[in-house]
Structure formats: C-alpha cells, structure tokens
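Going by Swiss-Prot, these are the annotated features:
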BINDING   253, 264, 267, 269  [2Fe-2S] cluster binding site
BINDING   314, 317, 325, 328  [4Fe-4S] cluster binding site
COMPBIAS  105-114  compositional bias 'Polar residues'
REGION    1-151  region 'N-terminal SAM-like domain'
REGION    93-118  region 'Disordered'
REGION    152-243  region 'Linker'
REGION    253-269  region 'Fe-S binding site A'
REGION    314-328  region 'Fe-S binding site B'
MOTIF     314-317  motif 'Cx2C motif 1'
MOTIF     325-328  motif 'Cx2C motif 2'
C-alpha cells in the first residue's frame, strides 16, 4: 500500500512473536517515512507520540488477523494521544484499509448487516469523542479546525433602528430651518427657536455618553429573523453517565516521577480542596498516634548512672569521661575499676 506523508504503525504485542507478518507489513511502506510502535508500550507510558506529525495512523491486526486485541488495548487516554499525533486532515485506518463504515446509532454498520461487539462499539464511540469524524468514504478523519471561518454574531437592532428612524422622521415634520411652529392664542402659528444642538452646546471635556442603539457596524437588514431563539439549558448537556466518567488528567498537570502531586494556582478543578482534606486527615491521624505515646508524670522514672560510693581525688574522675575535669590526664580512657584509688600530684598519676 503506497502512501504519501508520514505513517505510524500501531502493532499489538501478539504480532511481535510473528516477525514474518510484521516484516510483510513493513515492506509495503517506506521506512524513512514510517514509524512502528507497540500498543502495550504506549498504554503503559513507556514511549510517547509527537503531536501533529503523522498523516496516517494504521492499526495492525493481531496474530489472529483480527482487530480484537487492538481494540481491547485502545483506551480513552491512548486514543486521545493517537489523535493528537495526527496532523489536520490526517486519517486513522486499519491494516486492510477498509472503510470503518457509518454507524446508524444502534451499533449497526451501514455497509453490512452485522452488529458490532462491545470493544468495537466502544472504540467507535471513543474516536468520535476524541475529535475524529467520518468522511464521505467512511474513513476516520481529523478535521482541520484552523481552516474554519469565523461567523460574526448578528445583534438584534432592527426594532431600535426602526424606532430611531420613525423618531427622526416625525421630528423633521415639526422642525424646519431651526424653528418650531407652535399655535398662538389668536390661531396664527408663530415660529419658536429650536433647542440648541450639540454643535452650539458642545459636551464638556471628560464627559462621555454610551449609545445603546449602536449596532457595531452590522446592518439592521442583515439581522437574524430568529434572534429570540430558545436558550439551551447547560445543565441538560451532561447526564449522570457523563458526570460519572473518570476525569482524564492532562499530561502537563501530572506530577513528575518521585514528586508529590500539587494543585495549580487558583485551582478550580477541586484538586486543591482534595489535597487539603487529605493533608488534614493525615495530620489528624498523626496527632492521634502521638496522643497514645505520651506518658504522664507518674509513668516517668529517673535513671541515675552514677556509681555509688566510688570517688577519686577530685571526687568524679573514677566515674568516666563524663565526670572528669577539663585538664584530667585520663580523659579518653575507660572508667576506673570499683575500689581503685587514684591520686593526682603535679599532674602525675599516682596509683
């Protein structure tokens, strides 16, 4: 199978005991553009995959020529790592390069009448949750998010624009050439000077006004007709099954080997409270253990290691180094024997 771009081959561990099958697969690919990784080593974190590197990730079949072993090893974390290693518009294929087919929601393949087993259905669900989509040919494709275009939001300003236009039109009927026609007492209308405008009475410096009718450059005729759509309740987006799933910790948040797990600054995921509660529980357990080791005054006994009735010429040198004088020539020697008399005269030992 000739392919262009970098290719990653994911092999189950059972294929390593059949080198002839593995060599057959490797012969059909260009070695300088092909990498081979074992799924069990990836699952245990012994090796890592580079991000946005491969154009095609190929899942190899096991020794039984099925993908059962491969599906059983591909958990959620490993699938996300594989998807991150794909480039935008990269594809996830199997060894036979057969299309995965489209699922109809009941676990059935639109291209065949068989029903997927639990591992296959779980694999299909996990790759979709990881961000892959099915293209027109039934292949799993990583969408190119960077190629998508941003759509500007339409602000509902149609009513305000219409009211503003009607107000200006009605004002124009009464104000002409800076005067307002007002009825007089004799039935003759008399011109009255109009109010001063902002040109005649400018706004004082440092004073600003907010125009809430501003449409931010979006024409009123381009506004959406259904601007008052029903809002989606965010509490209904996740059900109990989603809330009970295990949280996947990002690699950058995992503690390094041999180091204690620490929470980020301004932690909002609950890890800080969890670690604080764990520390309090450990401190309480240690304090409780220390309480059992404390002894009362009645349980303490004083031990005297002094040899009774044995003194030297100074009164202490026969008891050992701890009781000898600073200038005693016997410092560093064992204690005298019981009953042995020692006398010092001019710093000379007299036995």
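Glycine is treated like the rest: Cβ placed from N, Cα and C.
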Within 10 A of the CB of residue 264 ([2Fe-2S] cluster binding site), the number of other CB atoms across every chain shown is 11
So residue 269 ([2Fe-2S] cluster binding site), by the Cβ count within 10 Å over all chains shown, scores 12
Including all protein chains shown, what's the count of other C-beta atoms within 10 A of the C-beta of residue 328 ([4Fe-4S] cluster binding site)?
19
Take the C-alpha atoms of residue 328 ([4Fe-4S] cluster binding site) and residue 264 ([2Fe-2S] cluster binding site) and report the distance between them in angstrom, rounded.
63
Spatially, which candidate from the binding-site residues 264, 267, 269 is nearest to residue 325 ([4Fe-4S] cluster binding site), comparing Cα atoms?
264
Using DSSP, tally how many residues of the motif 'Cx2C motif 2' (325-328) sit in helix, strand and coil.
0 helix, 0 strand, 4 coil
Around residue 267 ([2Fe-2S] cluster binding site), how many other C-beta atoms are within 10 angstroms of its C-beta?
13
